[in-house]
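Feature annotations, reproduced from TrEMBL:
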| type | residues | note |
| --- | --- | --- |
| BINDING | 101, 102, 103, 104, 105, 106, 107, 108, 109, 110, 111 | ATP binding site |
| DOMAIN | 73-162 | domain 'GHMP kinase N-terminal' |
| DOMAIN | 241-291 | domain 'GHMP kinase C-terminal' |
Ligand SMILES: Nc1ncnc2c1ncn2[C@@H]1O[C@H](COP(=O)(O)OP(=O)(O)O)[C@@H](O)[C@H]1O
Ligand SMILES: N[C@@H](CCOP(=O)(O)O)C(=O)O
C-alpha cells in the first residue's frame, strides 16, 4: 500500500486572477474539433488565506445554483491541479464573476475547468513553486482541460483564443503531446452572433443522443464541408452557408431542442450560416455586419437573448 502524498502548503497571500472566454464548439461540420472563442469572459480570483477552510462567492451566472463548497467545479479542478504539483491551499478564498450562461452550448464547463487549471498554475507561479513559460502553462491547461471534458474543441479556443482546430494523438490522454491545436485568423468581415434561449440542455444529455455509427455518405459530406469551412472562415466568408452544412449531430439532437432546430431552419432559409452552438441549445450565426440585424429580427419571434460578440483573440489570461 502506498502512503498518501504529503502536500506542501502555499503561503497565505498568494493570489491569482484569471479571465476566460466563452466558446462555441463544432461550428457545424467540425464536430469535437473546431471552436471559436467569444468575447464574453468569466473572471475568477483565488487567494490563499490564513487558517483552514474554503469561501466561494459566485456572482452572475450560476449564482444560487452551483455549489459553493468543495464540489464547485473551479475549486475542485484548482485543488486537484495544485495537488498534482505537490501543493495545497489549506485556506482558500474564491470569487467567481460569471457571465457565460450555463448549459447553453457556450462552453461554460470547459471555461470553468480552464479557469481552475489556470488559477492553480498562476498560484504555483506566484509562489515560486514552479517555473514555466507561458506556452508551457497553456499546453498543460489544454491537455488537462481536454482530458476532463473528453473532447478538446471547447478547451482549445478557451486556452488560445480565436478559431481553433484541435485534435488528440495516441492512446494515452495524459501524454504531454496527447492534445494539439492550431489557431487560424478569422476573416475580418466575419461576425459571430449567438441566440441564447432560457432553457438549458446538459452536454452529457446531448451527447447521449448521438448514434454509434453514421452512414458513409453523411461522414463524407461532413468531412468535405469541414475543409471548406476552414477556407470560408479564414478567406472567403461568402461560402459560409454551404460550409456549415453537416450530417453528424444537429438533426440527431434536434428532438432535445425543437425551438433551436426551428430557428436554425428559419435562419438558414434566409441564407444565414446558422449552426447549433456546441451541444446546444444556443444557435450561432456566422455572418457579416449587415447580417447581425437580420438575425435579431428573425430571433425576435421567440424568447432569444441575442449577443453579437467579437471573436476573443487571446484566450485565457492570468495574473
Ligand atoms: N463557472 C462555473 N462554476 C461552477 N460550475 C460551472 C461553471 N460553469 C459550468 N459549470 C457546471 O457545468 C454545467 C454546464 O456544463 P455543460 O452541461 O457541459 O454545458 P455548457 O458547457 O455547454 O455550458 C453547469 O450546470 C455547472 O454544473
Ligand atoms: N463537441 C461537443 C461540444 C460541446 O460543447 P458545449 O458548449 O455544449 O459543452 C458536443 O457537441 O458534444
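Glycine residues also receive a Cβ, built from the backbone N, Cα and C atoms like all the rest.
Since the structure is predicted, the reported quantities are computational estimates derived from the model, not experimental observations.
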Contacting binding-site residues for ligand 2, chosen from 101, 105, 107, 111 when the Cβ sits under 6 angstroms of any of its atoms: 105, 107
101, 102, 103, 104, 105, 106, 107, 108, 109, 110, 111 excluded, remaining Cβ within 8 Å of their centroid (ATP): 22, 100, 203, 278
For the domain 'GHMP kinase C-terminal' (241-291), the number of residues DSSP places in helix, strand and coil: 25 helix, 9 strand, 17 coil
Winner by Cβ contact number (other Cβ atoms within 10 Å) across the binding-site residues 101, 103, 107: 107
Greatest C-beta neighbour count within 10 angstroms, which of the binding-site residues 109, 111: 111
Number of other Cβ atoms within 10 Å of the Cβ of residue 105 (ATP binding site) across all protein chains: 30
Three-state secondary structure, residue 109 (ATP binding site) (per DSSP): helix
Where residue 101 (ATP binding site) falls in three-state DSSP terms: coil
